């Protein structure tokens with residue numbers, strides 16, 4: 001079970017961990033529990049240090065990145081598993097799946113068994129005399145349904161007014177009444193025609209249900225479900241049957257080798273026939289020839305590589321209190337969709353049999369999770385290298401398998417290339433970009449068998465798209481950069497958070513109001529302490545709704561400063577006491593100045609005073625206090641003398657030898 005830990009305020013990922021579920025096995029016990037203390041890990045992308053070069057034309061802007069795993073903390077979890085009491089009556093519980101059979105036999109109903117032809121509730125008439133007696137009443141009801149009530153009242157009022165006006169208008173009334181009778185007769189004819197059509201449709205529906213076979217299928221992402229349908233020719237003449245499926249995920253297995261493979265895999269001991277199907281380009285499906293009264297097995301395979309990628313916004317999300325556990329089970333995300341598929345067996349456009357497969361989705365197991373960060377609206381190109389995958393069924397040590405991959409998102413390019421035998425294989429991904437702060441989630445299925453019956457591994461990918469900000473700076477020195485935050489449709493209360501608050505600060509620091517459709521300029525102060533290339537993150541969060549508004553990917557190219565002086569200090573090991581030293585510094589300015597002292601290793605070095613003021617041309621002794629150590633070795637500590645604007649005046653390198 002994979003667990004991600006997020007900061008609820010900044011919506012920044014703290015780290016991830018995993019717990020093995022083997023401790024949940026009860027092994028016949030009524031209940032078990034286990035206590036876990038697991039490490040919360042995160043990854044940090046760091047490039048090699050780039051030395052400072054005085055010639056700007058020869059400065060290197062590229063450094064290879066390496067991934068470091070950092071321990072952010074420990075998570076304490078208690079898991080338990082309580083068994084359900086056994087039902088004394090021997091009834092099957094609702095959550096247990098029925099036994100699955102790969103053989104599907106045709107429904108043998110023996111013809112129409114009587115009953116209503118319509119699925120709707122209709123009045124049943126007992127006898128021809130009763131039907132004739134009530135025919136007139138039904139026609140009047142149908143006419144009343146067809147003709148609207150306001151129109152009927154209008155015609156009646158017009159006839160009544162004309163009869164009361166004058167005797168000479170009697171002729172007009174006599175003409176109106178036959179006109180209404182003709183209208184009513186035409187409406188009755190239309191109603192009878194509609195009833196006859198509905199009756200024909202009900203009869204056709206009942207006949208279709210009589211030749212339909214229902215089959216329930218439990219399927220998961222990437223796994224192929226195999227089944228065999230028993231098709232029989234009920235006529236005394238040979239027939240050529242065309243098989244058509246209304247969903248491409250349910251297909252007929254026409255390859256003899258593939259059919260044999262699935263028979264061995266599912267241990268289905270039925271007969272196998274070679275070259276049984278005839279396929280043509282442009283045909284609705286494969287064809288099969290059946291002799292009179294002949295029965296054959298039609299091999300079918302259902303396999304889906306697509307699933308729902310609906311992903312909630314980054315922030316707290318939970319089901320409402322009114323929803324129960326049953327609702328939670330029905331609203332599973334990231335699984336294949338439930339559907340109903342019909343396979344029609346036709347003879348010259350006439351139906352011989354129908355197989356209706358009801359697909360019920362089941363969750364799949366995720367073997368590994370990848371979380372990637374990438375600039376917005378840019379294609380992500382990623383290559384994942386796999387070690388040589390040996391075939392356990394082959395006795396040779398150098399025997400390898402052909403690896404194939406599929407992606408759950410059809411808009412993502414996912415492929416692999418076959419290299420020299422024995423060499424590792426690469427899986428290539430090309431993911432289209434999205435605007436910040438969208439997250440794209442998808443699955444990659446890795447298959448090691450030829451017919452892709454079941455994935456050997458399923459990988460889950462999260463790609464965070466962020467606004468990219470490139471920053472070039474020097475260690476120990478503060479630089480300022482601008483960020484642009486655009487308002488949405490409503491007024492929001494926003495606060496900005498940084499993944500490394502010691503190195504990046506955003507002004508304003510507190511909560512501020514972001515008007516709708518406005519542009520807010522933010523000032524980012526960057527002061528790193530390690531040279532190289534690094535990736536840091538800044539989030540702008542709606543503090544009221546706890547939703548992420550936008551996110552920035554800060555790509556730092558950090559250079560080492562020019563060293564003014566170098567010192568070497570020896571610190572005794574195991575004495576329990578540190579060591580104190582002094583370094584002289586002279587004010588080069590003609591006036592009095594205030595300076596700040598900074599260090600890239602505050603855990604190893606402390607200053608007597610972090611802030612001092614000296615006059616023009618005067619000298620000051622910087623007091624250094626080195627922490628004690630229990631092991632021998634050496635470390636390089638950089639001491640920065642900065643002004644009030646955090647601009648570096650001089651940099652000293654102190655090499656500490658613990659001996």
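A Cβ is built for glycine as well, from the same backbone N, Cα and C atoms used for every other residue.
All annotation found in TrEMBL is predicted automatically rather than curated by experts.
TrEMBL has this to say about the protein:
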DOMAIN    1-84  domain 'NPHP4 C2-like'
DOMAIN    213-363  domain 'NPHP4 Ig-like'
DOMAIN    370-464  domain 'NPHP4 Ig-like'
DOMAIN    475-557  domain 'NPHP4 Ig-like'
DOMAIN    564-658  domain 'NPHP4 Ig-like'
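DSSP labels the residues of the domain 'NPHP4 Ig-like' (475-557) in these numbers: 0 helix, 52 strand, 31 coil. Mean pLDDT, taken over the domain 'NPHP4 Ig-like' (213-363), works out to 85 on the 0 to 100 scale. The DSSP breakdown of the domain 'NPHP4 Ig-like' (564-658), given as helix, strand and coil counts, is 0 helix, 60 strand, 35 coil.
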